[in-house]
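Q: Here's a structure for you.
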Amino acid sequence: MGTTDPSSFEVLGALDRAKTQWYHFTTIVIAGMGFFTDAYDLFCISTVTKLLGRLYYYDPSTGKPGSLPPNVSAAVNGVALCGTLCGQLFFGWLGDKLGRKKVYGYTLLLMIITSIGSGLSFGHSAKGVISTLCFFRFWLGFGIGGDYPLSATIMSEYANKKTRGAFIAAVFAMQGFGILGGATVSIVVSAAFRNAFNTPIFTVDPVGSTPPQADYVWRIIFMLGALPAACTFYYRMKMPETARYTALVAHNNKRAALDMGRVLQVDFTNINESNTLTTTKQEYGLFTTQFAKRHGLQLLGTTSTWFLLDIAFYSQNLFQKDIFTAIGWLPSAKKMNALEEVFRISRAQALIALCSTVPGYWFTVAFIDIVGRWIIQLMGFFFMTLFMLILALDYYPLRGQPCPKGFCGGNHITFVVLYAFTFFFANFGPNATTFIVPAELFPARLRSTCHGISAACGKAGAIVGAFGFLYAAQGQHPGEPDPGYPTGIGVKNSFIGLAVINGLGFLMTFLVPETKGRSLEDLSGENEAAKEPSNTTVQSA
């Protein structure tokens, strides 16, 4: 490993000890608005999927509202996840190659363009609209993917070691507001159109229940996702490069000191102005024996836990229809018009986000630097496993039996509370910690790349969850699956499968070390290079 000028570590040590500054909160907002947009764009598709089916795939011979065929539904819901996986790998590598700041703004620009493009998907035929929509959503996901490694790395490298976990978690917690924001926008837009057009329910007028104007609803919802990203684009482009990248990767100590002195009100004197590294050994790369020995098990831990977590997290959304129907939030599709269906689905998602998803994120922010990452992740996987098992073992008594109103009998309040708790402990647990830890463990020159690899494994899990359990959760007997789907193992058995997956996540957490309260250079081993005393003096401004 290369040895870095000890004055670099004086700069970074001051950064670790720096008091919380206004710029820390500014960075949270700038990075966080990207994650707000990420969640808005990824999750708002679930509020309009039913509408797309009614608009473009209605078949009068079925006697049922239109619905997306299985292959089309998989494409519409999964193409953004595929793009996100590719973007995480590409921008993660690029963030280490060119610097975090140089590529940070372009991920946001890509999201702005493709959000608008998604809403402008052209053509009146189903094939034309869906094909165009999938094209733009792939590239939307590609931009979203870049936000994961870059935002996490930038926030970890700006933060002091005392509150680093809370700052990174706060950036990620903006996802909760993004999910809530997407559902809220869907509620407002669908309600406005519902009030403007007196539309009958499907059983009264199958064709009239989906007015032509409903085509504007999903387009408006998608395009409004560009607004929060556009509002922060300028500020992203004005951010300086992180001191850790400048000092440890670009090897420009003077530039690092000036940048950090400007934003954190810390004065550095007698900084070595050399722009070069004093090297005794060649730095090891990602695909080397040295990396495998030092960080191999850690990377296995961060990738496997994120993979397992996202299988469970993204597949949970597939069960909402069954659960919302059981508790009376979502009537039969025939008893609603298209606009009413969007409104009710969005309202149900907003309630789940408000009561469980958002609080879970902010519990993590509050406790992560007190309890630690490892305990929170272990606790989250444990309770996700527990609640999934309870839902599985008592599924029919809690849900009730089918009846004309949906499901009768059962204990619907307990049913939805247990379901909400799985989301709460996902977010006050591994959904947050799997994002935080990869930004802390690895050397600066590989940090963004390793975070991108970990995040991409997570999205691979999301694809498995979204696609695999979409089919697995279908009913076990003929006539029970959704139109076009084969029989599956049922929701109850799917919950058992997810409980097993969460249990595996609990076990794999033991490969991940605790990072609370330690400097990034200590965690990565980079400070082993700084053995000699430095003549650098650091003074608080």
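Any Cβ shown, glycine's included, is placed from N, Cα and C.
Per TrEMBL, transmembrane segment is recorded for 25-52, 72-91, 103-122, 166-193, 216-235, 374-396, 408-428, 494-512. According to TrEMBL, the feature domain 'Major facilitator superfamily (MFS) profile' maps to 27-517. Residues or ranges marked as region 'Disordered' in TrEMBL: 522-541.
Neighbours and distances for these, please.
A: Using a Cβ-Cβ cut-off under 8 Å and counting only residues 6 or more beyond its ends in the same chain, the transmembrane segment (25-52) has close neighbours at 65, 67-68, 73, 76-77, 80-81, 84, 107-108, 111, 115, 130, 137, 140-141, 144, 147-148, 151, 154-155, 158, 167, 170-179, 181-183, 185-186, 214, 217-218, 221-222, 225-226, 228-229, 231-232, 235-236, 239, 317, 320, 333, 338, 341-342, 345-346, 349.
Counting same-chain residues at least six beyond the ends of the transmembrane segment (103-122), those with a Cβ under 8 angstroms from any Cβ of the stretch are 34, 37-38, 41, 87, 91, 94-95, 128-130, 132-133, 136-137, 139-140, 142-144, 146-147, 150, 154, 218-223, 225-226, 229-230, 232-233, 236-237, 239.
Beyond the transmembrane segment (166-193), the same-chain residues lying 6 or more positions past its ends with a Cβ under 8 Å from any Cβ of the stretch are 24, 27-28, 31-33, 35-41, 43-44, 47-48, 151-152, 155-156, 158-159, 213-214, 216-217, 220-221, 224-225, 228, 339-340, 342-343, 345-347, 349-350, 353-354, 357-358, 360-362, 364-366, 368-369, 427, 432, 435-436, 439.
Nonlocal intrachain contacts for the transmembrane segment (216-235), taken as residues 6+ away from its ends with a CB within less than 8 angstroms of a stretch CB, comprise 26, 29-30, 33-34, 36-37, 40-41, 44, 47-48, 51-52, 105, 108-109, 111-113, 115-116, 118-121, 181-182, 185-186, 189-190, 193, 339, 342.
Taking Cβ pairs closer than 8 Å, the transmembrane segment (408-428) reaches residues 176, 309, 312-313, 316, 319, 323, 326-328, 352, 355-357, 359-361, 363-364, 367, 376, 379-380, 383-384, 387-388, 390-391, 396-402 in its own chain, all 6 or more past its ends.
Counting same-chain residues at least six beyond the ends of the transmembrane segment (494-512), those with a Cβ under 8 angstroms from any Cβ of the stretch are 297-298, 300-302, 304-305, 308-309, 311-312, 315-316, 319, 373-374, 377-378, 381-382, 384-385, 388-389, 391-392, 395, 430, 437, 469, 472-473, 488.
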Q: Could you give the residue numbers and ranges of same-chain residues that sit at least 6 residues beyond the transmembrane segment (72-91) on either side and whose C-beta is under 8 angstroms from one of its C-beta atoms?
A: 41-42, 45-46, 49, 52-53, 57, 103, 107, 130, 133-134, 137-150, 314, 448, 452-453, 455-456, 459-460, 462-463, 466-467, 470
Q: Give me the mean pLDDT over the domain 'Major facilitator superfamily (MFS) profile' (27-517), rounded to a whole number.
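A: Summarising the domain 'Major facilitator superfamily (MFS) profile' (27-517) by its mean pLDDT gives 88.
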